[in-house]
Amino acid sequence: MANEQKTAAKDVFQARKTFTTNGKTYHYYSLKALEDSGIGKVSKLPYSIKVLLESVLRQVDGFVIKKEHVENLAKWGTAELKDIDVPFKPSRVILQDFTGVPAVVDLASLRKAMAAVGGDPDKINPEIPVDLVIDHSVQVDKAGTEDALAVNMDLEFERNAERYKFLSWAKKAFNNYQAVPPATGIVHQVNLEFLASVVHAIEEDGELVTYPDTLVGTDSHTTMINGIGVLGWGVGGIEAEAGMLGQPSYFPVPEVIGAKLVGKLPNGTTATDLALKVTQVLREKGVVGKFVEFFGPGIAELPLADRATIANMAPEYGATCGFFPVDEEALNYLRLTGRDPEHIDVVEAYCRSNGLFYTPDAEDPQFTDVVEIDLSQIEANLSGPKRPQDLIPLSAMQETFKKQLVSPAGNQGFGLNAEEENKEIKFKLLNGEETVMKTGAIAIAAITSCTNTSNPYVLIGAGLVAKKAVELGLKVPNYVKTSLAPGSKVVTGYLVNSGLLPYMKELGFNLVGYGCTTCIGNSGPLSPEIEEAVAKNDLLITSVLSGNRNFEGRIHPLVKGNYLASPPLVVAYALAGTVNINLKTDPIGVGKDGQNVYFNDIWPSMDEINALVKQTVTPELFRKEYETVFDDNKRWNEIETTDEALYKWDNDSTYIQNPPFFEEMSVEPGKVEPLKGLRVVGKFGDSVTTDHISPAGAIGKDTPAGKYLQEKGVSPRDFNSYGSRRGNHEVMMRGTFANIRIKNQIAPGTEGGFTTYWPTGEVTSIYDACMKYKEDKTGLVVLAGKDYGMGSSRDWAAKGTNLLGIRTVIAESFERIHRSNLVFMGVLPLQFKQGENADTLGLTGKEVIEVDVDETVRPRDLVTVRAINEDGNVTTFEAVVRFDSEVEIDYYRHGGILQMVLREKMKQS
């Protein structure tokens, strides 16, 4: 294991205490000691704030983390709390390969830049443990067959040879860094089942020191680990890199919304149903940028796997985290997953000693606000067609879908004519079979994603649905692409041991890979004859998946409606073959006896599910899969690389290139100066996601990125995905704002990455227009609506924005991670004042924009913006500068956080 985080050199508050377990004495930094010395009512704090407080208490150094940070945070929830940012230094960082590759590319580039000025490149090394889990690269090229897993894995290694060689070099070249090989599982499930310690116990100066396991991760669903009492959240790769290199994350003291759970889930409902309902409730509550902490009697009714499912969805409900404190169930899960019994005793003793152990009779913490969720009122549901917060009760799914068909095109509508509902197409498949697809036909049914494939209750449930369906003689229609991508090999183990996997295979839910697959858009192609027929007839087809995101254009370019559902519901809908059905009342199909088969005929009871989970999910299964996790993938271990400190960049590589972020960087940082002469390159509406800004999926051959790759000799069949090519800025610049579903209001009549180049009036690709503006040394601006940058913690959404020459984004509101990423890349986030937006101000996008920002700017200041139209008329308005802390102004001066880190390392060297 990598080196651990060091504690502070001095015990400033005399808070270092001891506890004893199993005959050993452990040191810890006592929160009670703060309260005893009169520094705040610490015992009343939310558990999540206590973990934050322990982190700053333990790491006070008088420079980065000061006494005032501790004293202030201890006064959380009182009138004495000051507007001082929290400097958070997590104990570790976790990466996945789509975001991890560009992060490691940046580290390699930092080393090159350091060496270029005569510095020591070894100064660029992670200072805390970093785990990278390779899970995002496998694609579902083949599905529904016995050899699908092997074929997809072969293609994964073939496509990603350059990337994997680079990551293999990194594990040798960097300290404190290890990589979990491909085909192991999904990062968050591997974290939950294996990597997380919950409490660290390290030897320091001859003494054993304990403290909470905390982390940041380059994936927004890092929050899944909150389910076991580990505080952590997703950040952009840029922020994670800075954290690896010793920089704290700064953020305002968070509000904490208490989510009080009462009651018990009814029979027939799942953790997925609850998670989707929680997402809807908390989105409506408004928790963006806030912590959510779960408490109340309902917690005791939820197994750890269900808590992890709910915590996983925190980005979808908008919260920074969705925290469940450590309790007896967390300890039970550590036992279930085969953790060391002595360490589990340390976890319990530490948490009890430091007031971090939750018990049913504990007094409720003090929260900013409380929302109550009654588990007994949860019903089976789905979410869609384009956002995870748009909840649809199962009983209302058909009715809702019919309304969505004819509703105006947008988040909850497709904008079709009423007669489109009855459209159908008939054609032959390659095997000669005839098929009929109608509006609403399900083209993809995928059991996928970290959210649900970590949960044995919903996976066993899906297997039981399959078993009952097969026994009754039901089959999946031949146009449905079915797939099963478990989050870890443990899942396969218990599906085999329970005898359910053969039934899932019988319905086409064969193993396709251990990774994110369909949930992130790696759904692979549909059969060519299906793609041709659907495209030719413009048929509206759908997907049903057990994922966490269903944004437009994400799952498959031809699939316009995407619905999130539990794994058992995915199987049920796959059997039906359409979302235009009332599963509660209509027959799903006809059985082998000629009788109609209904939903209740195949739906398992909780007693059936619980019995199989208890019988088949065992500690031995977890130990078996993880004891040799770093050695099992021979192809990974046979990759030949060097351990040299400096990476040998290959100019001909189309996967890995040295990015230009540090070219022509001055020794000293610049100043905050007014922005003049900006042209509008994009004018967008609400809910522009990071998928819209920087897609992860397929690269079209006629897109700027596709043309670049073809010029480099890459054939379209070898394009791979945008996500896999995030180590090459040339591809990613061209892919910025290239989502096929993005709608730019200043390129009317188009869909996709187009804009109007104002000097000539020509409609062209956003990339080509930006390059022309760059030649003219014209800065650019983007105008947007609410929730700009929602979705994945995709740093390339900000990196690409920067490289295109966009100097500022003016939006009605920003999602947390993307706003931070813009600042980290030296792009100014501005927010319209409440009640104003581009349309209310009469902005068409043709204007020249000026922003009066300078060295006097402070966090959340109002600045004057002028929009000068073609006739010279000026619209003047004020916007909020979304620097949320003083240090963010420094990042902006430096041109970005990595430039600041490099300048500091240069001085040290």
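The backbone N, Cα and C atoms fix where each Cβ goes, glycine too.
The [4Fe-4S] cluster binding site annotation in Swiss-Prot covers C450, C516, C519 and rests on similarity to another entry. DSSP assigns C519 ([4Fe-4S] cluster binding site) to a helical segment in the three-state reduction.
Taking the centroid of the Cβ atoms of C450, C516, C519 as the [4Fe-4S] cluster site, the other same-chain residues with Cβ within 8 Å of it are D135, I186, H221, T448, S449, T451, T453, A485, G487, G515, T517, I520, G547, N548. Ranking the binding-site residues C450, C516, C519 by other CB atoms within 10 A of the CB puts C519 at the bottom.
DSSP gives C450 ([4Fe-4S] cluster binding site) a coil state; it is part of no helix or strand.
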